[in-house]
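Read through the structure below, which is laid out as structure tokens, and then see the notes.
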Amino acid sequence: MTPRRCFLRSATLLSLLAALLSATAACLEVGFYDTRCPSAETIVQQTIATAFRNDSGVAAALLRLISDASTSLLQGCDGSVLINSVPPNSSTAEKDAIPNNPSLHFFDVVDRAKAALEAQCPGVVSCADILAFAARDSVVLTGGLGYQVPAGRRDGRVSNESETNQLPPPFFNSTQLAENFASKNLTLEDMVVLSGAHTIGVSHCSSFAGIPNKDFGDRLYTFNGSADGVDPSLSKAYALLLKSVCPSNSSRFFPTTTPFMDIITPTKFDNKYYVGLQNNLGLFISDAALMTNATMKSLVDSFARSESTWKRKFAKSMIKMGQIEVLTGTQGEIRRNCRVVNPATTGSQVVTESGSSGFHGAAAS
């Protein structure tokens, strides 16, 4: 079996000892399923590859799922974003909250991977780990670098729409973005690096045109302080294009309209997102915000110059993000169906969710 590997931050001796004590009880491992379910990562990879051949949009969707799964305030990366709402007596689940619906999709691909794993290794591979593997495979399929994924996550048993309150919205400025990521022990560099995931995928008009709510994120029609209503940090030509796609007349607006987030190479995992930022082609206010802070702008310029540097750093930041507030050891459960928590009668699989293993930092260089 691959040796146990914990990923710890640089720290003082005291904090390092505390982290090591925590890691002794619960730690993610590269090769976690080598003896438990040797074909686990292969099964997930084959499932994602098949789905990708049918619709390349699955890659960006799965990247979005791991992002949401990792950055919710309390649950962390525990697969809670996959749980269905159970009306009428329960609260709305994360996947059905306003920031996620209808943005999150391709849950059926995760279902297929889980079904294949349950057939091969019943009750062994968590939904949270499936998301982590699927995100890595999506990066590779679209042109990014592969990386080893530390595994051993357990699944949470709670999913609540309030968890999405901590997701950074598309209208955040640079200060708000930095504070949001710092709250999860993610650095300024991590934030700029991970923003590069916008190099693939699509958005909805409401995220940048303020439709139907013009109070937030409107860069096209009612931008504050602009004579023509257009955000001055947005290319005029690009603004005209976006207006043709997302007209202000609500009777002509359709919620299924999905413009690409990277207009240069929308389906390729490359550094053109950063090139676009340099040319005022960032889709969201939060994209343009990366050019308003000297440190962030320096990172954008660096990644625009060197695609290989960004890809390497993206892999490291993804590993780091995937370890945010994970459940391990005897915490949580191994969900048999990623959409539904296990019934209480499944015995030892269902345990009290008393906490999380916490954040153990980034992979070594």
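For all residues, glycine too, the Cβ spot is worked out from N, Cα and C.
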Candidates Cys121, Cys127, Cys205 - disulfide partner of Cys37 as recorded in TrEMBL: Cys121
Inter-residue C-alpha distance, His198 (heme b binding site) and Arg64 (site 'Transition state stabilizer') (nearest angstrom): 10
Largest tally of Cβ atoms lying within 10 Å of a Cβ, found at which of the binding-site residues Asp262, Asp270: Asp262
Shell of the Ca(2+) 2 site beyond Thr199, Asp262, Thr265, Asp270, same chain only (C-beta within 8 angstroms of their C-beta centre): Ile200, Ile264, Pro266, Thr267, Lys268, Phe269, Asn271, Lys272, Tyr273, Gly276
Neighbour count (Cβ, 10 Å) for His198 (heme b binding site): 23
Inter-residue C-alpha distance, Arg64 (site 'Transition state stabilizer') and Asp262 (Ca(2+) 2 binding site) (nearest angstrom): 15
Candidate with sparsest Cβ neighbourhood (10 Å radius) among Thr199, Thr265, the listed binding-site residues: Thr265
